[in-house]
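Participant: Take this structure first; my questions come after.
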Amino acid sequence: MRLLLLTLLFLSSSAFAQGEPTTGELIMDVLTDQALLMFFAFVLLTVGITVWAARRTKSANDFYAAGGGISGFQNGLAIAGDYMSAASFLGIAGLVYASGFDGLIYAVGFLVGWPVVLLLIAEPLRNLGKYTFADVASFRLQQKPVRILAASGSLLTVVLYLIAQMVGAGKLIELLFDLPYESAVLVIGVLMTFYVTAGGMLATTWVQLIKAVLLLGGATLMAVLVMVQVGFSFETMFATAVDVHEKGSDIMAPGTLLKDPISALSLGIALMFGTAGLPHVLMRFFTVKDAVQARRSVFYATGFIGYFYILTFIIGFGAIVLLTGNDTYFVDGVLNGGKNMPAIHLSHALGGDPLMGFISAVAFATILAVVSGLTLAGSSAISHDLYATLVLKGKRNEKKEVRVSQIATVCLGIIAVMLGIVFEKQNVAFMVGLAFCVAASANFPVLILSMYWKNLTTRGAVIGGATGLLTALILVVLGPTVWVDVFGFTSPIFPYKYPALFSVLAAFITIWLVSVTDKSPSAQAEREAFEEQLVRSQTGIGADAASEH
Amino acid sequence: MSHSVYALTNRMIMLTSQQIQAMPEYKALRAARRKIILPLAGIVISAYFFLILTIGFFPKALGVSFIGGVTSFGIAAGFGLILLCFAVTGVYVSYANRKIEPLVKAITQKAKGEL
């Protein structure tokens, strides 16, 4: 334990020490010092918490679910922490800066899944499941095939999301902290592996809590400073933005993000239903005591996330108003650092080096927290769903399961670092969208139908879920983001960027068709078990004494 | 794998799911949930897809001025949807605490006491 800590500190400090100035344009010594100081404070605090959490993490329940002792408010904040990634903070602010209203489409889409989660998923999930959403999907279906499918969907979602975060993080840190790309990715990989292996869900939750408070605080400060500039009038802010923006009044209406109705609908489906199928988010419902706390968590989470997106929107417009025409932030007429940087530059314009240092450190902390949550979800899918089902054959052995989960975390950490380096030069912006698409096409249909549809059978869930997963993947590969942007062909085989409309439909239709035609005796038994499952998902009776899994 | 008998942790009294299903409180619980979940989910999902389809089919309409200034209908609709999400989750949580929780409690109590 102590050895791990020392290695970690050594690795991170030596990585920082080798950072040689690469581009002298943006990076100022002041920023690097202040941001580094604040970042180190965050790392020390979270490492301290992890050491504390490690002492309290003994059973599998502690490791996967923080012993179920997180309160609804804390969990709401932690869910918000898991969900407010650097991609949404920097990315949406950047999108608003570039095209105004289009950024709002993402902000709204990322939020609107939450009422659906609250109304349809949160309470039954808590009542039926233990550690992963596969617990729920396999409640009355056959454990082995359903868990393999759910774990595959989870792992794929997690890995896609991780790559996007790793590459984004590496780029950001390279720029902000003047650190070589590989070292940046390595520092993140080492820290997240440490949080998760040593402190499990308890440490991960606290990392999320601290990060969420820092991010909400920092974004609030920036938004208030922007509103001071425009006399607390949205109309003034929008009017000034329209005056100075190169697109003029076009920024107040939908632009080039969604060119046609199919794309609009498809993105809408991916964002709304993807949220309800993200394994690292669903996993958070098992950290609370009961359905009441699960319900409360989503209420708080929706509030925090909605508030955060409103802030992000103000920050994006603030960047239009305050950065446009200011040569400090442009190199040859292009915003320094690219399209994700408006929020960072705006923090400098609003509060000079100290605020920029703070916001940069917060962005780093944000990435660390999100990748930790993702890694925990991925390692749980491996140990609780795959290992416990395939190797232990359902015979519970908590010690072995936790051990495997820790090994899986280390492996995921190594894979994440390697993929982060491999994908350095690729445009990975589409990967978050793809992760949402896979979650919406493979995880969500199986989860929701297992809870609410009596006729779902194992065969339907497995074939239908796999159909959704494969359709999503194939259509993305054949679509513009991979076929044209990555492979370099001139025109895509599948014309739309967002395939969720087709893949989600394919999943639901296949699940329905294969389930209703399933006449096997086991399918009949699964249908008959539905009412009993419903009693438990509605009342929570028996949820404490889950002994079947 | 048997789900037909539920064990309550504290007193280990067994009861079948059929017995719970037969309780009037259970039927009331199902009705109470249905009454709130369907309308609220319907409101959020249709409001969202209404906006999405407007973006898809009539993007220009969203650029029209909302109250005379530059602030457009699109911006107002986006903010409105965010507020709607707050409102819907707030309404559900308050309804659930008032109507759903007592019913769940009643079922659990009855299960412990009577059987």
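The backbone N, Cα and C atoms fix where each Cβ goes, and this holds for glycine too.
According to TrEMBL, the protein has these features:
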- A:1-17: signal peptide (SIGNAL)
- A:35-54: transmembrane segment (TRANSMEM)
- A:75-98: transmembrane segment (TRANSMEM)
- A:104-125: transmembrane segment (TRANSMEM)
- A:146-164: transmembrane segment (TRANSMEM)
- A:184-206: transmembrane segment (TRANSMEM)
- A:213-232: transmembrane segment (TRANSMEM)
- A:262-286: transmembrane segment (TRANSMEM)
- A:298-323: transmembrane segment (TRANSMEM)
- A:355-383: transmembrane segment (TRANSMEM)
- A:404-423: transmembrane segment (TRANSMEM)
- A:429-449: transmembrane segment (TRANSMEM)
- A:496-514: transmembrane segment (TRANSMEM)
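Would you situate these features in the structure and describe their surroundings?
Facilitator: Same-chain residues lying 6 or more positions outside the transmembrane segment (A:75-98) and placing a CB less than 8 Å from one of its CB atoms are 104, 106-107, 110, 164-165, 168-169, 172, 205, 207-209, 211-213, 215-216, 219, 257, 275, 280-281, 284-285, 287-288, 293-294, 296-301, 303-305, 308-309, 312-313, 315-317, 319-320, 323, 339-344, 346, 363, 366-367, 369-370, 373, 429, 432.
If one looks beyond the transmembrane segment (A:104-125) by at least 6 residues along the same chain, the residues whose Cβ comes under 8 Å of a Cβ in the stretch are 83, 88, 91-92, 95-96, 133, 136, 254, 257-258, 267-268, 271-276, 281-282, 285, 291, 294-295, 297-299, 301-302, 305-306, 309-310, 312-313, 447-448, 451-452, 537-538, 540.
Sequence-distant neighbours of the transmembrane segment (A:146-164) (same chain, 6+ residues past either end, Cβ-Cβ under 8 Å): 87, 132-134, 137-138, 277-280, 371, 374-375, 377-378, 381-382, 385-386, 389-390, 412, 415-416, 419-420, 423, 428-429, 431-432, 434-435, 438-439, 442-443, 446, 458, 461-462, 465-466, 469, 473.
Long-range contacts of the transmembrane segment (A:184-206) within the same chain: residues 1, 4-5, 8, 11-12, 15-16, 43, 46-47, 49-54, 56-57, 62-67, 70, 74-75, 78, 166, 169-170, 173-174, 177, 287, 367-368, 371-373, 375-376, 379, 402, 406, 409-410, 412-414, 416-417, 420-421, each at least 6 residues beyond the stretch ends and with a Cβ under 8 Å from a Cβ of the stretch.
Outside the transmembrane segment (A:213-232), and at least 6 residues removed from its termini, the chain residues within Cβ reach (under 8 Å) are 42, 77, 80-81, 84, 89, 240, 304, 307-308, 310-312, 314-315, 317-318, 321-322, 343, 346-347, 350-351, 355, 358-359, 362, 365-366.
Remote same-chain partners of the transmembrane segment (A:262-286), defined as residues 6 or more beyond its termini with a Cβ less than 8 Å from a stretch Cβ, comprise 64-65, 68, 75, 78-79, 82-83, 105-106, 109-110, 112-114, 116-117, 120-122, 125-126, 129-133, 153-154, 157-158, 161, 294, 297, 373-374, 376-378, 380-381, 433, 435-440, 442-444, 447-448, 496-502, 504.
Long-range neighbours of the transmembrane segment (A:298-323) within the same chain, counting only residues 6 or more positions beyond its ends whose Cβ lies under 8 Å from a Cβ of the stretch, are 72-73, 75-77, 79-80, 83-84, 88-89, 92-97, 100, 103-104, 107-108, 110-111, 114-115, 117-118, 122, 212, 215-216, 219-220, 222-223, 225-227, 229-230, 237-238, 240-241, 244-245, 251, 329, 335, 342-343, 345-346, 349-350.
Outside the transmembrane segment (A:404-423), and at least 6 residues removed from its termini, the chain residues within Cβ reach (under 8 Å) are 63-64, 158-159, 162-163, 166-167, 169-170, 181-182, 185-186, 188-190, 192-193, 196-197, 371, 375-376, 378-380, 382-384, 387.
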Participant: Count, for each of A:35-54, A:429-449, A:496-514, the Cβ pairs lying under 8 Å from the transmembrane segment (A:355-383), and report the range with the highest count.
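Facilitator: Out of the listed stretches, A:35-54 contacts the transmembrane segment (A:355-383) most.
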Participant: State the non-local partners of the transmembrane segment (A:496-514) in its own chain: residues 6+ outside its ends, Cβ under 8 Å from one of its Cβ atoms.
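Facilitator: That would be 262-263, 265-267, 269-270, 273-274, 430, 433, 436-437, 440-442, 444-446, 449, 456-457, 459-461, 463-465, 467-469, 471-472, 475-476, 479-481.
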Participant: Taking residues 6+ outside the transmembrane segment (A:429-449), which of them lie with a CB under 8 Å of any CB in it?
Facilitator: 85, 87, 91, 120-121, 125, 133, 136-137, 146, 149-150, 152-154, 156-158, 160-161, 163-164, 267, 269-279, 282, 456, 461, 464-466, 468-469, 471-473, 476, 481-482, 485, 497-500, 503-504, 506-508, 511
